[in-house]
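Below is one structure, written out as structure tokens, with a few remarks after it.
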Amino acid sequence: MHASPGVKSRTPGVSPKRTHKAVPSPTKSRVNMALAMCAPIPAVLFCLWLFSTHSLPSAVSNVSNVLHVSDVSWADTLLLHPFVCLNAILGVTLLGVLYPISLAQNSVWLMDLSWTLIPPLVSLFYSSHPLAARHIDMDGSGSVSNMRSTVAFGLVCLWSARLTYNYLRREDFTLGQREDWRYAKMRRESRWFPVTQIGSVYILQQVLLVGLTLPLLAINMVYTPLQVSDVLLVLSALTGIEIAHSADGALAAYMAKNAALVSSGQSPIPVLDEGLWRYSRHPNYFGEQVFWWSLGLMGWRKGAYGMDWVLVGPLLNTLCLWMVTRMTEDRMTSSGTKVRQSAYRKYQKTTSMWIPLPKRK
């Protein structure tokens, strides 16, 4: 299982082991960069073809009319149902492009990077869709806008930039250096992983990604003027990004410091217990949830198309993070030195799991 947005393979609070990382050759790094850049091209070209060569039936003006349309081609069906279209495009991309690459490279590293890049592309897909709701300005200019859509796209781009930077920093600014430890563990434990990863990696990631971005569907398909509540939710989302960014930065500094201690023959610091990590065992997880719940509430409007159930997205993310938290903490308390295991168990007893709170006695 992927660690959900913002969660990568370095384990919070765990000192590094004396291991050697296989650094890709310059040629391999360039190949991986080319693969990452080319992977979304088929999906982008398909969307451009679909949006430019097919038009909506005259009876359809918004998403509320699509259920009354019949006798259309498969392409028109995709055009009339943006959620179905997104699932089809994402499924073909994951299983038809990323999966073959993972078989050839014996690694699913590209799924980690894709997680950081797909949500902005989903936002762009929904906002560019012919059914996207827009407001025609009445000032004589005739311009068309959906400010909430623009704001949401900007927020998701900021989220993506933060997460992509954190991913590249973790990988020493190379691509394909290693596989997430959860996937590597699955690969070691089952010789059938090349087959089972279809479900455990790609289908699961599609469900999570599509669910996570449900608020973007509602924000783009139903026009609602920007409101005071939206401004508050934007501030909340930005706060979530900053919390996750600060937590990731502290974790990276901790890992670097421990690596330096180990290389000089000294004992590493067993647990990160400073800054946000002093008050939360997983402040980066908390920041991610603040962001996605804020975006979810922006998309939620009772009674409008898609808006009653878009909170399924952040709820899926929370459930995923809860499962990943358990996996991560089981690893912390069952591997490594006895000193580290003991220190982390004490850390668990005194420190909140997600929400930053004062230390418990």
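Glycine is no exception: its Cβ is also placed from the backbone N, Cα and C atoms.
Predicted automatically and left uncurated, TrEMBL annotations should be read as such.
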Among 1-27, 163-189, TrEMBL marks as region 'Disordered' the stretch 1-27
Other same-chain positions with a Cβ less than 8 Å from the transmembrane segment (192-219) and lying at least 6 residues past its termini are 1-2, 4-5, 82-83, 86-87, 90-91, 94-95, 98-99, 102-103, 108, 111, 114-115, 118-119, 122-123, 126, 148-149, 152, 156, 183, 186, 292, 295-296, 298-301, 304-307, 309-314, 316-317, 320
With the cut-off at Cβ under 8 Å and a gap of six or more residues from its ends, the chain residues touching the transmembrane segment (31-51) are 24, 75, 78-79, 85, 89-90, 92-93, 96-98, 101, 109-110, 113-114, 117, 121, 125, 128-130, 174-176
